Amino acid sequence: MLLRFTKMHGLGNDFMVIDLVTQHAQLSAKQIRQWSDRHTGIGFDQLLVVEPPNDPDTDFRYRIYNADGSEVEQCGNGARCFARFVQDKRLTAKKVIHVETSGGPITLRVRRDGQVTVDMGAPRFAPAEVPFIAEQEADQYAFEVAGEQLMVSAVSMGNPHCVTLVDDINNGTLERLGAHIEAHPRFPRKVNAGFMQVIDHGHARLRVFERGVGETQACGTGACAAAVAGIRLGLLRSPVQIQLPGGNLQIEWAGPGQPVLMTGPATRVYEGQIRV
Ligand SMILES: N[C@@H](CCC[C@H](N)C(=O)O)C(=O)O
């Protein structure tokens, strides 16, 4: 059987997107790993799957798989591509789309200029959400990794993030510590490791070593987590422009209990089909 898919990206964070509303397929972790391979497969950071919703008050169920085949809770750049995909494929005519994910409900708005704003829901800092936090909730934690002492912020955007402030995002910290932080035993579900350089109250640079992938050109949930961490530390003020290797995202957050709004582009690359 041939399965139709679309290749998309959000600031270079790239995706294979499959409609399982009008098509049927059983996906295995092994198959996803093969498809994600950049030499022998299609090549992508995440596989995004569009399914009918479980909850009748939402429009779709959005499932996300990392390149290593693991299913994860949330993907911000993917959410913007998801919005463009369901419109392009005429799976909905709505401009405001309600979506369920295993990280919680999110709302997608496609703007006239083609950019997409995603209401990612409120960030969470509680121990159950970010397993690192075995102690009391705090803005920053002392953390030892690969023999180095760091101060980090732990933020859940549905998926777990560990944000480290650095003087220069290109000073080698990601290369040295990214994989060690991702797999550190204090994060039993592993973690996305962000390295943020604050430029001024409204701007920061960010690189992210993503769980289950490695460094990506951009990470939407990572940008939200970094902006929230910076605002909580009094270093940033909403709205914040987060500058990633693949381009810029605008992040808005009014404070505790409030949703994070992320705005940026979503780009279609090509249509394909693959035998399953
Ligand atoms: N690239 C994504 C995040 C994808 C999931 C992440 N690697 C995880 O394991 O939680 C984004 O744009 O948010």
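Using N, Cα and C of the backbone, Cβ positions are placed for all residues, glycine too.
TrEMBL: automatically predicted annotations, no manual curation.
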Q) Which of GLN31, GLN46, GLN140, GLN241 does TrEMBL put in the same substrate site as ASN13, ASN66, GLY76, ASN77, ASN159, ASN192, GLU210, ARG211, GLY220, THR221? A) GLN46
(Q) Say we define neighbours as other CB atoms within 10 Å of the CB. Which of the binding-site residues ASN13, ASN66, ASN77, ASN192, THR221 has the fewest? (A) ASN66
Q) Within 8 Å of the Cβ centroid of the substrate site residues ASN13, GLN46, ASN66, GLY76, ASN77, ASN159, ASN192, GLU210, ARG211, GLY220, THR221, which other residues of the same chain have their Cβ? A) ASP45, ILE64, VAL72, GLN74, CYS75, GLY78, VAL208, VAL213, THR216, CYS219, GLY222
Q. What count of other C-beta atoms do you get within 10 angstroms of the C-beta of CYS219 (active site, proton acceptor), across all chains shown?
A. 35
Q: Tell me, if you would, which residue among CYS75, ARG211, TYR270 (recorded positions) has the fewest other CB atoms within 10 Å in the structure shown?
A: TYR270
Q) What is the separation, in Å, between the Cα atoms of ASN13 (substrate binding site) and TYR270 (site 'Important for dimerization')? A) 15
Q) What recorded positions among CYS75, CYS219, TYR270 are found with a C-alpha within 10 angstroms of that of ASN192 (substrate binding site)? A) CYS219
